[in-house]
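*Asks:* I grabbed these lines from Swiss-Prot:
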type	residues	note
ACT_SITE	Glu206	active site, proton donor
ACT_SITE	Lys341	active site, proton acceptor
BINDING	Gln164, Lys341, Arg370, Ser371, Lys392	(2R)-2-phosphoglycerate binding site
BINDING	Asp244, Glu289, Asp316	Mg(2+) binding site
Amino acid sequence: MEGFKIKSVKARQVFDSRANPTVEVDITLKDGTVGRGIVPSGASTGLFEAVELRDGEETFDGKGVSKAIHHVNEQLAPLLLDMDVRDQKAIDSRLIEIDGTPNKSRLGANAILGCSMAACWAGANYYKVPLYRYLGGSAANKLPVPMVQIIGGGAHADNVIDIQDFLVIPTSAPTFSEGYEMVVNVYNAAKMIFKGAGKPVSIADEGGLWPTGFQSNEEGLKLLCESIELAGYTPGQDLGIALDIASSEFYDPERGTYRLELEKKTLTKEEMVGMLSDWVDNYPIISIEDGMSELDWEGNLLLTQKLGKKIQLIGDDLFTTNIERIRKGVEMKVDNAVLIKMNQIGTITETIETIEFTQNHGYLPVVSARSGETEDCTIVHLAIATNAGQLKVGSAARSERTAKWNEVLRIEEALGSSARYPSKGVFAAAGIQFNQY
């Protein structure tokens, strides 16, 4: 019996953490095995991402996904029937071929990725093994260092503060569970500081605290340091700070300037680099994402020349999980790390290939969720399957975030003594030497 062959493919509309529709796909094999994938969605999206297909009609403010679902059920499903689910690369190649566009704009990356995710889960379930083991084999045992949002700003909090994410990374913990406990303590300490200052504690899209009453972006850095200390840790020794600037959101491509609306400042690229460099000198910052715009290659190069040996510089909107854009970054020596988002490229195979390309060229992969998330935990398994070493899924609150952190805790327990946790050693591959504080 060829139980490993695909018997049916079914897509449906479900909802993400921002109450927007998204695509869920079930793939059933001939032996009855089922795999399921739910597609995430971003708020601040790069210009060069694979195209997420939305209906553009009155329902759901134009964000319906009935067209993408129709494409799965009517166009993709018939051509996936009887395929061997064990051959993920062949399935993804067929999905790409059926769409026929370089950015998956005809059928929608959300339609294609849903099928790709469901197929890999069906394959893992067919063999009755965890997804990280199915995709990564016996060598998949490196647990990711968590990058956890404490304050959510930018597009995740109605732009009440310009910087999108203020995060912490545990650097002294010997295990994932101990590292995650540290960031939870910092998160709760930050809430206490907000309450003590009489500020309402609201929650941003990814579970971080809503930055109420800030007069400057730098206040977020000061609050993180205070929170780390209140939790009983030493900033720069036990935990470092990470920032997602998401600078494309406030970049003016015509003038080549950056507008910090909170402070009513307009900065040249040189001034923007100078501001970030000053922050790195004055605070225990060990990672900056999208410090300069996706359209500002010159600015990104200036930032890398200034900070590339001191801290991790992550390209998200700049690279969009796309090997050709990462190749350009490698050739120009821009950044030293790549944010990995499945829906930016659109299939599991392409995502894994991008991670491998990143690692092979001395850059650090950081597997990431989106602001519109669900209970789906594929990215956790993907991070461990590829030994990526870092995971960014939002904060320590909201169940679509904790679902993923909890999945890492379960995998850590399952791996037992074979689990490897790199702690701050994860940054060594990029030749980063952190400042001492």
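Cβ coordinates come from backbone N, Cα and C, glycine included.
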*Asks:* Going by DSSP, give the three-state secondary structure for Lys392 ((2R)-2-phosphoglycerate binding site).
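*Replies:* For Lys392 ((2R)-2-phosphoglycerate binding site) - judged by DSSP and reduced to three states - the answer is strand.
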*Asks:* Once Asp244, Glu289, Asp316 are set aside, which residues in the chain still have Cβ within 8 Å of the Cβ centroid of the Mg(2+) site?
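*Replies:* Not counting the recorded site residues, we get Gln164, Asp165, Leu243, Ile245, Ala246, Ile288, Asp290, Ile314, Gly315, Asp317, Leu339.
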*Asks:* Can you count the other CB atoms that lie within 10 A of the CB of Arg370 ((2R)-2-phosphoglycerate binding site)?
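*Replies:* Taking every protein chain into account, the count is 26.
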*Asks:* Which Cβ among the binding-site residues (Gln164, Ser371) has the fewest C-beta neighbours inside 10 Å?
*Replies:* Ser371
*Asks:* Can you name the residues of this chain that are 6 or more positions from Asp244 (Mg(2+) binding site) yet have a C-beta less than 8 Å from its C-beta?
*Replies:* Gly154, Ile163, Gln164, Asp165, Leu167, Glu289, Asp290, Ile314, Asp316
*Asks:* Counting Cβ neighbours within 10 Å across all chains shown, tell me which of the binding-site residues Glu289, Asp316 comes out on top.
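*Replies:* Counting every other Cβ within 10 Å of each candidate, the maximum falls on Asp316.
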*Asks:* Say we define neighbours as other CB atoms within 10 Å of the CB. Which of the recorded positions Lys341, Lys392 has the fewest?
*Replies:* Lys341
*Asks:* Hey, how far is Ser371 ((2R)-2-phosphoglycerate binding site) from the residue listed as 'active site, proton donor', Cα to Cα, in Å?
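*Replies:* One finds 6 Å between the Cα atoms of these residues.
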*Asks:* Of the recorded positions listed here (Glu206, Arg370, Lys392), which is spatially closest to Lys341 (active site, proton acceptor) when Cα positions are compared?
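*Replies:* Out of the listed candidates, the nearest Cα belongs to Arg370.
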*Asks:* Please report the DSSP secondary structure of Glu289 (Mg(2+) binding site), reduced to three states.
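*Replies:* Once the DSSP labels are grouped into three classes, Glu289 (Mg(2+) binding site) ends up as strand.
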*Asks:* Report, in whole Å, the straight Cα-to-Cα distance of the residue listed as 'active site, proton donor' from Lys392 ((2R)-2-phosphoglycerate binding site).
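*Replies:* Here the two Cα atoms lie 11 Å apart.
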